[in-house]
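Per TrEMBL, these features apply:
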- 31-48: transmembrane segment (TRANSMEM)
- 68-89: transmembrane segment (TRANSMEM)
- 116-196: domain 'Palmitoyltransferase DHHC' (DOMAIN)
- 158-180: transmembrane segment (TRANSMEM)
Amino acid sequence: MELRERKPPTLTEKLSDHYKNRDFTVKKTQINTIGVTFFWGMWISLFIEGHILTFQLYGDDWIKTSVIFVLIWFSAWQSFINWMGTYLVDVSKVDDAVKEKHHPGILETPAGWYNCPNCQVDVPPRSFHCKYCNKCVLKRDHHCFFTNSCVGFYNERFFIILCISLIWCNAFASFLQVTYLNQTIPLTFLISSITLHQLHFSRCYSGT
């Protein structure tokens with residue numbers, strides 16, 4: 001029996017197969033990549049924008065410019081250090097050594113502890129398994145997608161300071177942006193324009 005050589009798939013067949021087997025489910029690695037990229041994109045853009053707006057607003061006043069530059073660099077440094085602390089500091093993976101330290105020589109699961117079916121270890125209270133890190137984390141709070149790491153016992157302090165730093169950075173950036181917009185397009189002009197438009201529409205609807 002003569003075997004017939006199989007023809008390579010055409011472009012139409014490839015596209016049809018790709019369409020049928022498409023998967024729009026967001027993968028775990030993609031979520032972390034998006035979160036980290038978003039954080040550093042915002043960090044870099046606000047850092048550059050702060051310098052540009054400062055020169056635009058206070059370029060002639062070197063005292064104000066110097067003070068704002070110090071605030072920008074301090075804020076950027078704080079958020080950078082605490083992000084690295086949240087990401088790099090060991091969040092304490094729960095293993096057999098943790099149980100041996102607190103309950104030496106005990107084979108069964110201690111009271112208040114539970115056995116993780118994924119890690120196959122006994123873990124203490126407030127320790128949970130992370131499906132993204134694939135490990136049990138001591139005093140796990142949550143998995144932060146902006147740092148691609150779990151927030152646990154040892155890096156929680158860095159995460160809290162990071163949140164405070166980000167609130168301050170966003171408030172400071174908003175101040176510079178609103179100040180620049182008010183200088184370029186005065187808010188009084190916008191308010192008066194909105195008032196005139198509202199008055200015009202009210203007259204149109206009322207027929208006067």
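Keep in mind that glycine also has a Cβ here, set from the backbone N, Cα and C atoms.
Bear in mind that the values here come from a model prediction, so they are computed numbers and not experimental data.
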For the domain 'Palmitoyltransferase DHHC' (116-196), what does DSSP give as the number of helix, strand and coil residues?
39 helix, 16 strand, 26 coil
Confidence summary (mean pLDDT) of the domain 'Palmitoyltransferase DHHC' (116-196):
83
